[in-house]
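Heads up: the structure comes next, in structure tokens.
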Amino acid sequence: MRVPINTITPDTPSAEVIGWAHEIRDLGGLAFLLIRDRTGIIQVTVPKKKVAPEIAETIRAISRESVVRVTGTVKPEGKAPGGRELIPDAIEIVSLSATPLPLDVAEKVPAELDTRLDNRFLDARRPRVSAIFKIRNAVQHATRNFFFENGFIEINTSKIVAAATEGGTELFPIAYFEKEAFLNQSPQLYKQMMMAAGFEKVYEIGPIFRAEEHNTTKHLNEATSIDIEVSFTDHLGVMQTLEDLIRDIYQFVDKTCSDAIADLGLDDFAVPEKGFPRLPYSEAIEIASATCEEDIAYGDDIGTAAERAIGEEMGRLYFIVDWPSSIRPYYAMPYENDPEICKAFDMMHPRMELSSGAQRVHQHDLLVEQIAKKGLNPENFEFYLNPFRFGMPPHAGWGLGAERLVTTMLGLPNVREAVLFPRDRHRVVP
């Protein structure tokens, strides 16, 4: 019976493994075959004069990345991966790989990112790449555990909508019978509707779509968003929830993904310290204007260069708070004593924005006023506004980019590396 490679120790008497031929070295009278499965690598040592002739013939026929089955005796070997080797009694080629390979899974020959993404099924066999997705799996597992333990209800909202939920134009139109429809850019309005339904604490992990013509290392046109909405709290409450979640995720990854962390060479992986600094927008602009190459003034959005300048100053995860109402969405709650400022925030990594959120406007008339101030027609938002007429509780929430979280956590150079099959303005296959 086949066993995972990582369960085989130097003391294991015998084993059957099935995996991919990672490397093959034939030294004449002695051959070495490295077999890889998702749990690790084991060395198969073939002394040709001491094994059956058919085993030596099979070894010669194996091409790299073929799927092979090996049954044999395990022996301690200090120079081999894991301190053990497998001496074969039988070798079978289960599935022969074509040659040449589009890319080198053993990573001895570097490949461009486009080549890797074009051949993602091969690229994902590389231990460093599979480590990324093992950690991403742990991130999403930890996220669901955190929300379940804190009394949240998971929801799944529609990704086909009739209008722009955020009021913008960055939408992908789709053919939907005789109607006009779009791919949803955010579950924002649906989350708020569930506050009117009395769910009080909801979350969703799902795709969002943005028709933005970016071509950068941090933007995608299809991304995974982790969203929450909470009743009877304010922006400060959900900011604390966000900080607690981030630290919980890091702790879970640190505890459960040591092998993947090692595969990525992350010797400095560490859980962020408590108490993410809270930097007012006005102070963030002062930092950026003093050090940024681009001109920036109060009332401007914070672009890439400004993010970089502020991030270098802060040096850790932090919040930018108290944004001008003029540059935040219509549903962000303004301060009662200063309506020009709203209860909105971004959570930032020194490299990029990770999350955006706010306390929401819950009063129907104020929300209509806010929508109109943004130059939008409230009549186009009737399906959204209607719940606010029937007892909407105070509430707040945020959205967190899963890919950006993984990218910054692991120090990846490009957000596409954190997605199995990324979608950007140039890529729709595979």
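FYI, residue positions are counted from 1 along the chain as it appears here.
Glycine residues also receive a Cβ, built from the backbone N, Cα and C atoms like all the rest.
Here is what Swiss-Prot records for this protein:
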type    : residues                                                                               : note
BINDING : Glu166, Arg210, Ser356, Arg360                                                         : L-aspartate binding site
BINDING : Arg210, Ala211, Glu212, Lys218, His219, Leu220, Glu353, Gly401, Ala402, Glu403, Arg404 : ATP binding site
BINDING : Glu353, Ser356                                                                         : Mg(2+) 2 binding site
BINDING : Glu353                                                                                 : Mg(2+) 3 binding site
REGION  : 188-191                                                                                : region 'Aspartate'
SITE    : Pro81                                                                                  : site 'Important for tRNA non-discrimination'
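Projection of Swiss-Prot feature records onto the structure.
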residue: Pro81; record: site 'Important for tRNA non-discrimination'; contacts (Cβ under 8 Å, 6+ apart): Leu34, Gly40, Ile41, Ile42, Gln43
residue: Arg210; record: L-aspartate binding site; contacts (Cβ under 8 Å, 6+ apart): Glu170, Gln185, Leu220, Asn221, Ala223
residue: Glu212; record: ATP binding site; contacts (Cβ under 8 Å, 6+ apart): Glu170, His219, Asn221
residue: Glu353; record: ATP binding site; contacts (Cβ under 8 Å, 6+ apart): Glu307, Asp346, Met347, Arg404
residue: Ser356; record: L-aspartate binding site; contacts (Cβ under 8 Å, 6+ apart): Ala344, Phe345, Asp346, Met347, Trp398, Gly399
residue: Arg360; record: L-aspartate binding site; contacts (Cβ under 8 Å, 6+ apart): Gln192, Glu229, Tyr331, Ala332, Met333, His395, Ala396, Gly397
residue: Ala402; record: ATP binding site; contacts (Cβ under 8 Å, 6+ apart): Arg136, Val139, Gln140, Ile205, Ala223, Thr224, Ser225, Ile226, Ala418
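Of the listed binding-site residues, namely His219, Arg404, the sparsest Cβ surroundings within 10 Å are found at His219.
Of all residue pairs in Arg210, Ala211, Glu212, Lys218, His219, Leu220, Glu353, Gly401, Ala402, Glu403, Arg404, the annotated binders of ATP, the farthest apart have Cα atoms separated by 19 Å. DSSP classifies Arg404 (ATP binding site) as helix under the three-state reduction. Model confidence over the region 'Aspartate' (188-191) is summarised by a mean pLDDT of 93. For the recorded site, Arg210 (L-aspartate binding site), the DSSP three-state label reads coil.
In this structure, His219 (ATP binding site) belongs to neither helix nor strand by DSSP; it is coil. The region 'Aspartate' (188-191): residue composition by secondary structure is 4 helix, 0 strand, 0 coil, according to DSSP.
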